[in-house]
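Okay, handing you the structure first.
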Amino acid sequence: MSSSSDDPRPVTCVEPVRVSAACCPECRKPVDKRYRPFCSKRCADVDLHRWMSESYRVPVLDAPEQAGDAGASLEDKKENEL
C-alpha cells in the first residue's frame, strides 16, 4: 500500500457539509413544514397577497409588431380571425 504522500489527491479532514435549515423568503425565520417554503401562515398570506395584487411581475420583452398589424388592437385581431 502506498503512503499518503504518494497520493496525488489532497487530503482534507473535514466533516460533511450540513445543509443549513431553509429560511422563509419573507422574514428569514426557519421554515415550518406545514407552510413550506414559509415559516407561518402569515408569511404565506403576505406572499399570496403580493401575487394577487400583481406586485410580483415577470419581465416580458414585447415582440416587434408586424407591418400590417401596427394599429390593430387585440380585439380587432380576434374579430378578423372569426
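Note that the numbers count up from 1, one per residue, in the order the chain is shown.
Cβ coordinates come from backbone N, Cα and C, glycine included.
In case it helps, TrEMBL gives these features for our protein:
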- Cys24, Cys27, Cys39, Cys43: Zn(2+) binding site (BINDING)
- 62-82: region 'Disordered' (REGION)
Please identify, from the binding-site residues Cys24, Cys27, Cys39, Cys43, the residue with the sparsest Cβ neighbourhood, meaning fewest other Cβ atoms within 10 angstroms.
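Each of the binding-site residues Cys24, Cys27, Cys39, Cys43 was scored by Cβ atoms within 10 Å; lowest is Cys27.
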Taking the recorded Zn(2+) site as Cys24, Cys27, Cys39, Cys43, identify the other residues of that chain whose CB atom sits within 8 Å of the mean position of the site's CB atoms, giving them in sequence order.
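The surrounding set, listed in chain order, is Cys23, Pro25, Glu26, Arg28, Lys29, Val31, Tyr35, Phe38, Ser40, Arg42.
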I want to verify one value. Collapsing DSSP to three states, which class is Cys24 (Zn(2+) binding site)?
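Once the DSSP labels are grouped into three classes, Cys24 (Zn(2+) binding site) ends up as coil.
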